[in-house]
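Undergrad: Here it is, the structure in full.
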Amino acid sequence: MPTHVLDYRPSHTPFTDEDIQCLMNLRVTDPRDDKTRIEETKGGLLRDSFKWVFDHADFQDWHNSWQGQLLWIKGDPGKGKTMMLCGLIDELDVPTTGTVLSFFFCQATDSRINNATSVLRGLMYILIKQQPPLIQHIQESYRDTGKQLFEDLNAWPALSRIFLNMLEDPRLEKCYLCVDALDECTANLGKLLELITKKSTSPRIKWIITSRNRYDIEEAIVPAKHIITLSLDRNESSVSNAVGVFIEHKVSELATQKGYDAKLQEEVRNYLRENANDTFLWVALVCQNLGQVKSWKTFEKLREFPAGLQSFYRMMLDRMLDSDDEDLIICKKILSVMMIARRPIALKELPSLVEILSNFSEHVGWLETVIKLCSSFLTTRQGTVYFVHQSAKDYLRANASSEIFPPDPDIHYDVYSQSIRSMMEHLRRDILSSSHDSQPQIGPIEEVDLGSLKGIRYSCIYWVEHLSEASRARLQHQNDLNSGGLVQQFFEQRFLYWLEALGFARQVSDGVVAVTMLETLLEDFQADSYLLSLVQDARRFILHNRLLIEDTPLQVYASALLFSPNNSLTRMSFKEEEPEWITKVPIVEDEWSASLQSLKGHRDWVRAVAVSNDNTWLASASSDRSIKIWNAATGKCETTLKGHSNCVNSVVFSHCGKRVMSASSDKTIKSWDIVSGDCLQTLRGHSDWVRSVVVSYDKDYLLSASSDRTIRAWNTASGRCVREFKGHSDWVNAVACSRNGSHRYLASASSDRTARVWDIDQGKCLRILEGHGDWVNSVNFREDTTHLASASSDGTVRIWNAATGECLQILDHGGWVNSVAFSHDGKYLASASDDTSIRIWDTTGKCKQILRGHTWSVTSLVFLPNGKRLVSASNDQTLRSWDTNITKDTQILDGHDDWINTVIFSDDGKQVGTFADDDCVKIWNSTTGECMHTLEGHTASINSIAFSSRRQLASASSDRTIKIWSTTTGKCIQTLNGHSDGVSSVVFSPDGRYLASSSADRNIKIWDIVNGTCFKTVDAGVHIKNISFNPTSSYLITDIGHIMLDANKGQIWHGYGFSPDLSWITCHGQGVLRLPYELRPVCSAVFGSTVVVAFDCGRIIFVWFA
């Protein structure tokens, strides 16, 4: 067969910008670069050492026959499987039309490339590079989910489906797929093998896989019908000859390098042949060592190398132990770190992890030299340190841990200690010297020059994990958790710089996990109260600003600080970092509210929320027909489950937390595997919407409630309906099961204004609970009791004794109540309402707390099992996470009670006017932010307001009137009538004498304010919504043109303003201050250097710039 240089042929179809972004996110590695690195690390590809395989009958059968589609090459460590595959890849890449080749190299010690999902990503990446039209198979899903398609919990099922569709594409006439070192695929190997064997029947697809001799791999693939196994152990003669060729090559290299004469070459050659045991790796390691031996000592040293890998590793370990004391210490330290490291370590990262190397940070050459001290176990590839082979790490772990390594907790502590000291030294503001605070970060991390962050990147991600491992095992490692210790210093002096670094590294979610882990550690050890408060505040800060920091890391010093509470410990610690270009900071709360973070992603109402028993996952159900699975710690959406054809109304986790069940208006219930994303079952039987679903606590039943007025009990194993509960005369809106061991109660809530208590086993109605004056929307049992809560559209929550039917308490929420939930300790009850609030009640019926933050009806809520958090769902398309340890009511700044529509300045800039859907106008002092007057009197919604130069304000309303108010007294001076439909807009002339108004009646009227008469009406022919006078009052500017002749010179943006979507405050068109992510701006105003913005929740923010 001829040898070919790899020809990665692109199609002539160009990639669009969207395609390029998709490819950048798909790429976890470029396997072509991995192949080059492997070949260079192993001294180049020697064709003569593997060419025997081309003539082997097994390879010929696989290559030429349509019966053998899968070739499995297996053998022990060091037998040359990887280099053989590299050679096969070169041979198979024949540049013929329609033939493509893709490959992937697994590596156990590198978390990027040791899992099944990464294998698919790598294979697809090369396929698309060769055949760009194949990207169409990804784009449909990518447009919906973006980068999460490749990274979330559902990545494997999504990508495997896409990958299989690619392989069915008719443009792939013939395709070779190669995967090396399957034994080093440590995550989802079984799923990968299942996919490979499934596609091994396709006549157009041929696979080559390599691995060690492992029974689990053999068991998984041998049943495949079209498999050919090529065992290197059963081809000893061919492998021996190949190793002989490799020996000839390596000895020739040594002879050239070291000046061996013919006799010495023969001595070396013979010794290697006699002791190699047909192992390429042994030959390579011995020759590597001989390369460091003086020529005249070669014969003497040669005899010291024992046969076999295990013996060789033992010899090299002994040799290291006998080395110079200082060198030995360095080797031990480096190897110790490599043994417990969470991923391969970059050379530049070593000084931040190994204290003895702390002075080497500016000397990469020195670092390369010290790695050579451990060269029989470690090697460097492209600036990263790896074990020479997985077998080297396995040997040290099995045979040398107690001999050369300190206990693991001590290693973890050393790594943590050096990491935090390195971060204290190197972290600083604007570490990458970015040009301005508003520049969003784009592109994958590989395309961002991390500069001085490279040396401490590992430390930034894993320092808390190593501290936790150390301190939980040894008491003395807890000292840094004391008051005034390193951890406290870090959070008081470097925390913000750390968040910036995580933002640029795109690993803010890892920071959330780290701070949460540290908080748990401090709580478990009952650490110093101030340090615990500091870390808790840091957790609130990072949760509140996670999305902001991910998008624009440098806004951590502007928006993140300025919109944090005044008494935030983080804000107070970094007060000096607040922007100097803002002369007076926005008015904010003094303390953190109970709202931890807002989870966004649904495109329609969020109808329900559930939590897994281990606090790990949240599930949300939405009218957008999807279920989303969220990481409960970070708030990151991990996967989206799609399959329902109508609104999803309810969701519940199985007790094991591995499945989630959903109820939908499509009349079905679906059961999902949250790991694979597969729909496991679809239950049909209801004749109308399924509104609620729960799992009984004994795990026997799945209970569903429907608009068909029935409740059904389903066997969770078979999916069969085993019982039907009838009795309600209207929709059944919700069901709940009791946990009381002596009773198996089921409760139901119905639009017939009753709740019912049922015997689950007999399907018998035990009690009808009457008393509500409107729909009953939700029911919930208190833990381990017969107490039941019901929520109703009559604005109340009732507490019942389910055993007797007695109403024990009535709690008045004040608005339509959609949901109720008890805390797991039974001490508190939460109620969710259409009034956008959540109320927390104690056992006496006293309202202890009101949680505000949602901007529309709160539809569902659930306490987390740990009792520390409450999660709510809302029609505002979000979920919110709340801290239930906040004991006081959420602080609300002065504002409107509804959606704010407009905010404007008076002509002198001393006052600000706002109006909202609450049908009132407010006048504010622009210097202090204090509300001066609330103007009420209109009988319909207000559409526009305007200040005059004569201390007056005009308001236009849908009640067809205009009112003129005194801005001094707040009293209405006069009411102007004349429009026949709602008034849309009003504006005063510069001298304040005239007023112009526009209306839905298509007329524009000019009024004399002195006598309150209309002296001119213009029929515009269309509805004009915006009008204004020019400075001389010579013409009126409208949406469609000018009422009088003149020229509109247009507006040149200058000074402070807003981006089109109101997300940024700008200066000269450049974003300078990002507005809070969790608030939605609806209107704004600017006067000189003072900016006011209003949000949908009724909040007003003033910002005073220099």
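Positions of Cβ are set from backbone N, Cα and C atoms, glycine also.
TrEMBL does not curate its annotations; it predicts them automatically.
Take a look at what TrEMBL says about it:
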type	residues	note
DOMAIN	69-212	domain 'NACHT'
REPEAT	599-640	repeat 'WD'
REPEAT	641-682	repeat 'WD'
REPEAT	683-724	repeat 'WD'
REPEAT	725-768	repeat 'WD'
REPEAT	769-810	repeat 'WD'
REPEAT	810-842	repeat 'WD'
REPEAT	851-892	repeat 'WD'
REPEAT	893-934	repeat 'WD'
REPEAT	935-975	repeat 'WD'
REPEAT	976-1017	repeat 'WD'
Undergrad: Give the residue counts of the repeat 'WD' (599-640) per reduced DSSP state, in the order helix, strand, coil.
TA: 0 helix, 24 strand, 18 coil
Undergrad: Among 725-768, 851-892, 893-934, 976-1017, point out the range having the most Cβ pairs under 8 angstroms from the repeat 'WD' (810-842).
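TA: Stretch with the highest Cβ contact count: 851-892.
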Undergrad: Using a Cβ cut-off of under 8 Å, list the residues of the same chain at least 6 residues beyond the repeat 'WD' (976-1017) that approach it.
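TA: Contacts with the repeat 'WD' (976-1017): 940, 943-950, 952, 954-964, 1023-1029, 1031-1033, 1036, 1038, 1043.
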Undergrad: When the repeat 'WD' (935-975) is classified with DSSP, how many of its residues are helical, how many are strand and how many are coil?
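TA: Per DSSP, the residues of the repeat 'WD' (935-975) fall into 0 helix, 23 strand, 18 coil.
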Undergrad: Looking only at residues six or more beyond either end of the repeat 'WD' (683-724), which have a C-beta under 8 A from one in the stretch?
TA: 646, 649-655, 661-665, 667-671, 730-739, 744, 746, 748-750, 758, 760, 763
Undergrad: State the residues, same chain only, that lie 6 or more residues beyond the ends of the repeat 'WD' (893-934) and have a CB under 8 A from a CB inside it; answer 'none' if no residue qualifies.
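TA: For the repeat 'WD' (893-934), the nonlocal Cβ contacts are 587-589, 855, 940-949, 953, 955, 965, 967, 969-970, 1082-1088, 1090, 1092-1100, 1102.
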Undergrad: How does the repeat 'WD' (683-724) divide up by DSSP, counting helix, then strand, then coil residues?
TA: 0 helix, 24 strand, 18 coil
Undergrad: Mean pLDDT over the repeat 'WD' (893-934): what is the value?
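TA: Here the predicted model's pLDDT, averaged over the repeat 'WD' (893-934), is 81.
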